[in-house]
Every structure is written in structure tokens, then in C-alpha cells.
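According to TrEMBL, the transmembrane segment annotation covers 6-25, 60-82, 124-141, 161-179, 295-313. Sequence annotations record features per position, and here TrEMBL assigns domain '3-oxo-5-alpha-steroid 4-dehydrogenase C-terminal' to 224-338.
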Amino acid sequence: MEIGIVWLIRAAWIAGILPILLALLPFSRLSWYRRTILEFAKRGKILQSSSKKFTVPQKFFCHFYVWAVIWTALLLGTTWMYAYVSTPLISEPFNFPAITSQLTGGSSLFSWQKSHSSGREHRFLVWKAVFLLLLMEVQVLRRLYETIYTFIYSPSARMHFFGYLTGLFFYTAAPLSLCSNCIPEVYHFATNGIAQFIVKGKGQMLDVEVSLLDAVIPLANLGWRQWIGAALFFWGWIHQFRCHQILASLRVPGEQGEEYKIPHGDWFEIVSSPHYLSEIVIYGGLVVASGGEDLTIWLIFGFVVVNLALAAAETHRWYVRKFDNYPRNRFAIIPYIY
């Protein structure tokens, strides 16, 4: 059952990656297919204002982050409580899987059931999931803040309804993927707790005293890969926040026109879509923090890369067509490469 859930999540990511990856291939015979995929992906300034069929207001981006904050917080809280109650506290750092174990899948979901026989490795997987979900919650909270207080969406700004559904899919599947190593156990833990509450009532439930220090120490003991991943995550996080502020500053509050300006500052000096580049850095940080040994998290990263590469290429072409004085030294999304 557990492996079935994992492979269902992975299949969903692969189904999302392959069509976009095909559209990125530089073959002229695929131009019709590329145009079709782009029609689904366009939004905002690169979507013609007259093309409102099957579109929704771009300000509906807020829906993604409201849902993401609630869903990620639910997974984080439940997983954290499961980790705190079901895995004993240890003061020394966790042992990390050996290189041979990584190569043979010993710490991956291919051998998920083996984690039960290795208590220490199992604790590591559970607390690592808490760590990843905590980073994800930090990301979606900031994005929710930006959609409410930073961005000024034009009343005419639209996005394709398929893109809207894709966003909802992403912010449902991504947090779930980050804890897929232990989600079956967490699910059983939560449902058993709810069942006991219904049957016994609050008065008969076992009291659990939560120590904030005991709930945090295991996260500090995870290891160097988690903290390097977190550093990479926050490097991208800070730059994305700055770039979003730059984009928002180009539009005056209450402005109704469609006058666009060339953004400058921060990573805008090297790429046309630095907010997309920083998103890739953010999810690259999650890959590093995961230890780089979970295929599911690599698939999240792949989905982010192909989606943003496609959108960034179209945005770059729009800038070049729109402005005769657009800086020619800027790349679309990857500095000096693409």
C-alpha cells in the first residue's frame, strides 16, 4: 500500500513533466505542439487580453497559496506530532545512510519497509520530512503575503484555466511528496487519534505534554546536508522576494493601464525571469535538504524546472519584442546558458 501511494505520486509528476519537456525540444516539427502547450501556460502580460475564453483572473493566484498554507500546515503539524510522539528523542546527531545504501536504494522509498527494522534510520526519515515541510510552509506563507500585499494585479490580467488547475495540483502534490516517506504512518497515526477521540472522548485521551525544546532538537541534529539545503533554499527565497518587490514597484497602485517597463535590479540584470530562477534555487535547496536520495523530490524539482523554463523563454521573447532597448546580455532564466 505504502509503495503504491508513492508510485501514484511519482506517476502524477511524470505525467506533468513529459508533455512540457516535449514542448521544450528544439524541433520544428513540434512547433504546433509547442504553441498548444504555451496557450495553456500563458498568463498576465504574455496572454492576449482579448483571449478570455477558458481563463480566470490572475489574482486567483491567491487561491494557490491559501490552500498551500492550510494543506502544508496540516501535513506539517500532523507529521511533527507523529515524530514527537512516536520517535524517541536522541541528543546526538542522526546517522546518515551510507553511500552504498543510497546507491542500492536502502534509504529510498524502494525499501520503505526496511526503515521499520532500522529505528535510527526511520527516525531520520520522519524528522527530515518535518524539516522539509517546515521549509515549504515558510515558502508558501511568503507567497501568500506577496499575493495580498505586494503584487498589484491588473484587472485585465488573466491566466488559462488549465494553468489554474495545474497550480492547485502542484500545491497539493508538492507538500505531500515531501513527506511521502512516512505519509502512510502519519495517516494511520492521525486517524487512530481521531477514532480514539470519538470513542473515548477528550477526558479519556492520553495527555501528551509537548516540550518545545524536545520538539526542535531533533531538527537541529539532522545533519550538514539538511542545513546546506536550507541555506540554498533561503538564498533563493530572499532573491525571489526582492525580485517580486521589483516587479510590483513597476505598477502604481490604482493604475489601470497596460504600460509595461523593463525591470532592473538584483538578478534582473542577468536574466529576464529571476523570480523563476530563484524558484528553481528554492526547490533545488529542498532536493539538497532531502539528501538527494528521494526520486519523488527530484520529480518535484524536474516539474518546477521544465514549467518555469517554458514560461521564462516565452517571457523573454515577449520582452525582446516589446522593447527595442531591451538588454541583449540577459538570458531567459539560466545565466549564460538559457
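Cβ atoms are placed via backbone N, Cα and C, with glycine included.
Among the stretches 60-82, 124-141, 161-179, the one making the largest number of Cβ pairs under 8 Å with the transmembrane segment (6-25) is 161-179. Note: the domain '3-oxo-5-alpha-steroid 4-dehydrogenase C-terminal' (224-338) comprises 74 helix, 2 strand, 39 coil (DSSP; helix = H, G, I, strand = E, B). Computed over the domain '3-oxo-5-alpha-steroid 4-dehydrogenase C-terminal' (224-338), the whole-number mean pLDDT of the model equals 93.
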